[in-house]
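Feature annotations, courtesy of TrEMBL:
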| type | residues | note |
| --- | --- | --- |
| MOTIF | 7-35 | motif 'Q motif' |
| DOMAIN | 7-35 | domain 'DEAD-box RNA helicase Q' |
| DOMAIN | 38-209 | domain 'Helicase ATP-binding' |
| COMPBIAS | 444-469 | compositional bias 'Basic and acidic residues' |
| COMPBIAS | 477-498 | compositional bias 'Basic and acidic residues' |
| COMPBIAS | 506-549 | compositional bias 'Basic and acidic residues' |
Amino acid sequence: MSEIARLRFDELPVSEDIKKAVLDMGFETASPIQSEAIPYLLEGRDVIGQAQTGTGKTAAFGIPMIEKVIAFEKHVQGLVLCPTRELAVQVTEEIKKLAKYKKGVWVTTVYGGDSIDRQIKSLKAGANIVVGTPGRVIDLIERRALKLERVQMAVLDEADEMLDMGFRDDIESILQETNEDRQTVFFSATMSKPIMALTSRYQNDPKLVKVVKNEITNANIEQLYFDVKGKAKMEVMTRLMDFYNVKLALIFCNQKKRVDEVVEELVLRGYAAEGLHGDLRQTQRTNVMAKFRSGATTILVATDVAARGIDVNDIDAVFNYDIPLDEEYYVHRIGRTGRAGKTGKAYTFVVGAERNRLRDIMNFTKVKIDKGVIPSFSDVVGVKKGMFIERVQNAIQEDDLALFGDVYGALTHAGFSNEQIVAALVKMTMGVAKNEFADENLEGDSRGGDRYGSRDGRSNDRFGSRDGGRGSSGDRFGARDGRDSRFGSRDGGSRDGARSYGSDSRGGRDGGRSFDRTDSRPARTGDRPRSGEDRGPRTDKAGKPYRQDENMVRMFVNIGFDEKISPANIVGAFAGESGIPGNTLGQINIFDKYTFVDVPKEYATTVLNRMDGASIKGKKVNVEVAKPV
């Protein structure tokens with residue numbers, strides 16, 4: 001495929017205000033997706049953009065949207081839908097930068113988990129560009145606080161992610177609120193059948209622009225994997241950071257609990273680390289990101305969902321502390337480094353049977369990921385010594401040491417030799433931790449084959465995962481809940497008369513739930529309890545008593561089949577409003593008037609707090625812990 005001709009921003013037919021703002025942001029030449037999409041969007045064409053995080057897609061639709069806004073007209077003219085609050089906030093910040101010099105253009109963000117009254121006030125003040133999550137947008141439409149009939153451009157950013165989170169019904173409802181003459185733009189990492197079905201219904205002769213995969217998997221990123229023992233991940237990671245002098249790092253974990261554990265251990269080792277996951281309040285997330293962007297925090301540890309929308313250009317290295325659960329997550333993760341023409345590093349830790357998942361990632365990205373060499377302890381110490389010598393030389397050359405000259409005399413007078421003084425200073429400055437692992441005890445068994453993973457998912461690697469995901473007792477960062485968080489409760493479980501979802505152990509991008517997303521109203525079977533009747537004993541599909549997973553909390557939601565609710569609606573609402581990964585939900589049992597949902601214990605408090613006052617398909621719902629039967 002021939003290389004896309006790159007446009008210069010000063011050559012675009014846009015206002016000088018936008019050109020000045022882009023220059024302030026440090027950009028002169030458009031990225032490939034910007035070069036392809038912006039001309040079509042300025043012409044008023046509908047566009048399907050296939051691009052992923054880090055390709056510059058926000059500016060690709062943001063510049064034309066700002067250019068089309070009629071300044072000082074206090075009604076919504078541009079709408080951007082995003083799957084998560086983090087991405088919505090990021091997109092808003094980017095559009096505000098682009099509109100910096102455009103008078104009369106006001107941008108606001110709406111999303112769950114924040115004060116809806118404050119968001120309504122912002123809309124009433126006259127916002128003409130709105131960026132938001134589908135659930136909150138629907139809620140505001142139902143409250144008649146958000147009117148979309150005069151929208152000129154509607155953008156679905158990361159459309160595939162929104163569909164995976166169950167937002168299809170909400171997206172269609174929102175688009176139907178806009179006028180038919182609007183310009184409609186889809187940006188998606190994949191061009192799946194559901195995406196194409198939406199485009200055929202809501203777009204008019206769209207132009208397809210794309211950044212092909214070999215351009216997305218940036219050649220500037222050095223991709224390596226490290227075959228390690230589970231309990232040695234932290235030691236290997238910190239050695240790599242020290243050896244390669246990583247100044248700004250992003251670490252990915254698959255679970256919120258793992259994020260907290262990794263942050264705690266890094267801080268104990270003296271690193272400036274912060275965590276980002278779904279349990280943080282919005283103010284906490286904002287503070288964490290501000291410190292990371294400023295360099296006050298040099299290491300950010302995050303889950304995939306919480307990291308959506310992170311856009312920091314100077315990240316030296318991405319560490320896949322946990323190998324991603326989905327091949328596309330891998331591309332999203334490593335796309336955070338190697339930006340703006342710089343080189344970056346992407347390191348993936350592989351334990352036992354995870355080599356099979358690594359092979360899937362290589363097949364998907366069409367890139368061979370080589371095995372890296374773990375620096376020895378002496379190698380790391382050697383690098384730190386060299387850095388110390390350089391710092392000492394620089395300090396001497398600055399020639400402002402008179403104030404500290406008497407320290408040497410005091411130490412020699414106390415009987416210490418020159419060698420002892422220097423060695424002590426080196427140790428204090430370098431902060432070298434004790435060598436917790438012999439070099440030969442870091443790597444896992446590098447021999448391939450099926451011996452690493454039996455059919456029931458157990459690993460023969462002594463330090464790998466056991467019993468479907470439970471870490472060995474010596475692995476302080478192993479998953480502790482005894483199950484793979486992608487899948488629902490293994491016990492099954494549906495009450496009499498309810499359709500049960502979530503027991504399919506095959507997993508996949510829908511998080512392992514067994515429903516078909518194209519079936520908006522699952523078949524009803526058996527006698528459902530009616531209002532006022534005894535709900536009866538909990539049973540699974542085989543009629544056996546329902547056994548709740550000890551790692552789950554059963555939630556009651558006062559909405560069901562009567563409101564044409566599907567599992568996708570439930571997943572979308574819980575993930576969108578609460579900010580938790582949709583693929584961590586377990587059993588979903590839908591009745592006529594209510595629904596039961598199994599939520600991981602670690603997310604239960606978050607769900608209860610953030611679903612308070614939330615809406616599902618336009619109806620305000622109540623979510624509470626289900627009473628035991």
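The backbone N, Cα and C atoms fix where each Cβ goes, and this holds for glycine too.
TrEMBL annotations: computationally assigned, not manually curated.
Sequence-distant contacts of the domain 'DEAD-box RNA helicase Q' (7-35) (same chain, six or more residues past either end, CB-CB distance under 8 Å): 42, 49, 51, 55-57, 59-60, 63, 66-67, 97-102, 209-211, 215. Averaged across the domain 'Helicase ATP-binding' (38-209), pLDDT for the predicted model comes to 92.
With DSSP states grouped into helix (H, G, I), strand (E, B) and coil, the domain 'DEAD-box RNA helicase Q' (7-35) comes out at 16 helix, 2 strand, 11 coil.
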